[in-house]
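Q: Taken from TrEMBL, the feature active site, proton acceptor covers 143. What TrEMBL lists as Zn(2+) binding site is 142, 146, 165. The domain 'Peptidase M1 membrane alanine aminopeptidase' feature in TrEMBL is assigned to 72-280. Positions annotated as domain 'ERAP1-like C-terminal' by TrEMBL: 378-668. Summarising the annotation, TrEMBL assigns site 'Transition state stabilizer' to 227.
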């Protein structure tokens, strides 16, 4: 390249020569490289640099942030050398540049030797909260991982995009965990990456390996499946095949196909070769030539398995069943299972104990599975949640687990304590439990739980139960029960400021614990959030960096306005009428937060503000107002009777709003069975009004199956379980559950254990008699 001499930074230049007024830049010959990885940067950027192990790394930034990249440079140096050591394969180029751009396609791009980032992702590490630094490090390490996965070995075609993104995602967490163990990023992997993979909507799922052809299809494959699901499957086999053996196979794959391309079979065959040398698996039939079948059952599947474990306590056998989470799917998998029991509570070894073949059901003895298991032992499958599947247990085994949790919960690994609630949540939300008594016995140990992962995973279940019991005789007893559970952990987390030193897992747990605590009206939570919200609203103070991220900010405002005084509520309304929305960005925060109020009079004022005949149009337009109507109905059960009354009194005005009919049709899905006739009568009035004003909109039919569709889960749940829950709560109100930060008394502990054990033994005896 020959050009006029100008002040510039030549990022990729290898050699240069000056001839008069012209500058010649000569580039080294690149290795064989995929075209999508070629990039040039022309800029006036400045840089800082460091060389280690013969690799020059530089951070290029705008001059005004020149001193902000030192942590990113230090992390890059450590990460590259760790990847080299971990896989035994050197980084392929003599340099690796990191360029921080004002605008970038996505957060970052892994161009070989020239990674580009959005500037705000790396330059604000100095003084930034821990959770932001953690997220940015993971992002940078993801791009560095691509220098091996995608750059050194590229996919044969975009159908195998997961060979790039799944490996880069997973190993960015693995290496970050090695470099920064205090971050506990493998816990964050479960609450972020795995949580998204588990929650996929089955309308949009596809297999990991999925043929694509045109540009639109190629772009669409860079999704949760290629990044998150693939990372979970890779993690599962990393553990199942023995971690060192798996890495040996990956290293062979990278070495064999370096500067070239590969497909999934190339990867699997190298793993098969590595497994064949592992003496641990020398007696395992599957290890000889089944790795292709095993892995293809996952890479070509679009569903998630549910593994059900039931035990015959008389013959000490275990029946293992598998089915798809998607009830319309008939897929089966080779599923790697591992086991821990009361007699052998080893949760550290995560390699496979038994590969369940792709059949619906197998029954084996404990000895055939290699499990040390007595009749009164609990059994846990999927140690440390390394496998990508749900596990469901029969009630008798759950009673034994509950007994252990009450006796000494630390015997069971915290990730498995979390997994119990994650998997139970699926059962509870689908009304598939045999009995809810054991669920509440499991929940009741939480008053002694100090680890955050179990709280992260139990939150959805506690919220689900609370929402479905709302308005029933059980509701206040349930709130009282949860208050006893959550008060100790809430006080421990929130009694002192944390000043931003929170990992992502800690932030998420704080948010969920706060939501649960205020949901059940724990006084300490209501006081805390009200004070924070009051400071923000009336003192123009930020909620505080200990809150960490916007989701927590939103949560505190919502919970903090739950029980405002009339004076406070009216003061907020006055700000809407006095000031301009555009000059106060927190207007939107407050408008959204006010949907959380529990006062009927405040709800009526709120609805009039948004939608009434004299509503303040300067706050938002009619379409926005309709959106808030739906937000309110979905999120605040206390608001629903007020909303029905408001719609009935104002339907003539509301029929003039755009999107009213569309949102009314959506609200119809939440109509409970007991209010069906009230809804039908209101619908008829709206239909008549629409005819009068000649609005050509499709109102939901009076006999539509969509009416009450989303309320059916709640109706069915209460039909099946409300009486059981009421009886359990009535029996177990304080003083059985003592609201105390201290340890339980020995008498309470022993008495409770006898009660749990007695329930379990009665179940076993009744099973034998039948």
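Cβ atoms here come from the backbone N, Cα and C positions, even for glycine.
Whatever TrEMBL says is automated annotation, not expert-curated.
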Q: Any idea what the Cα distance is from residue 165 (Zn(2+) binding site) over to residue 227 (site 'Transition state stabilizer'), rounded to a whole Å?
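A: For residue 165 (Zn(2+) binding site) versus residue 227 (site 'Transition state stabilizer'), the Cα atoms are 5 Å apart.
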Q: Count the other Cβ atoms sitting within 10 Å of the Cβ of residue 165 (Zn(2+) binding site), across every protein chain shown.
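A: Residue 165 (Zn(2+) binding site) is surrounded by 24 other Cβ atoms within 10 Å.
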Q: Give me the count of other Cβ atoms within 10 A of the Cβ belonging to residue 146 (Zn(2+) binding site).
A: 24
Q: Just the number: how many Å between the Cα atoms of residue 143 (active site, proton acceptor) and residue 227 (site 'Transition state stabilizer')?
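A: Residue 143 (active site, proton acceptor) and residue 227 (site 'Transition state stabilizer') have their Cα atoms 13 Å apart.
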Q: How long is the line from the C-alpha of residue 142 (Zn(2+) binding site) to the C-alpha of residue 227 (site 'Transition state stabilizer'), rounded to the nearest angstrom?
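A: If we compare the Cα positions of residue 142 (Zn(2+) binding site) and residue 227 (site 'Transition state stabilizer'), the gap is 11 Å.
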Q: Is it possible to get the count of other C-beta atoms within 10 angstroms of the C-beta of residue 142 (Zn(2+) binding site)?
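A: 23, counting other Cβ atoms within 10 Å of residue 142 (Zn(2+) binding site).
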Q: Sorry to bug you, but what's the C-alpha spacing from residue 227 (site 'Transition state stabilizer') to residue 146 (Zn(2+) binding site), rounded to the closest Å?
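A: Rounded to the nearest whole number, the Cα-Cα distance is 12 Å.
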Q: Mind giving me a neighbour count for the residue listed as 'active site, proton acceptor'? Other Cβ atoms within 10 Å of its Cβ, every protein chain shown.
A: 24
Q: What are the non-local neighbours of residue 227 (site 'Transition state stabilizer'), defined as same-chain residues 6+ apart in sequence with CB under 8 A from its CB?
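A: Correct list: 165, 166, 169, 193.
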Q: Mean pLDDT over the domain 'ERAP1-like C-terminal' (378-668): what is the value?
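A: Taking every residue of the domain 'ERAP1-like C-terminal' (378-668) together, the mean pLDDT is 88.
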Q: May I ask you to report the DSSP-based helix, strand or coil state of residue 146 (Zn(2+) binding site)?
A: coil
Q: If you take the centroid of the Cβ atoms of 142, 146, 165, the listed Zn(2+) site, which other residues of that chain have their Cβ within 8 Å of it?
A: 110, 143, 145, 149, 150, 164, 167, 168, 169, 172, 227
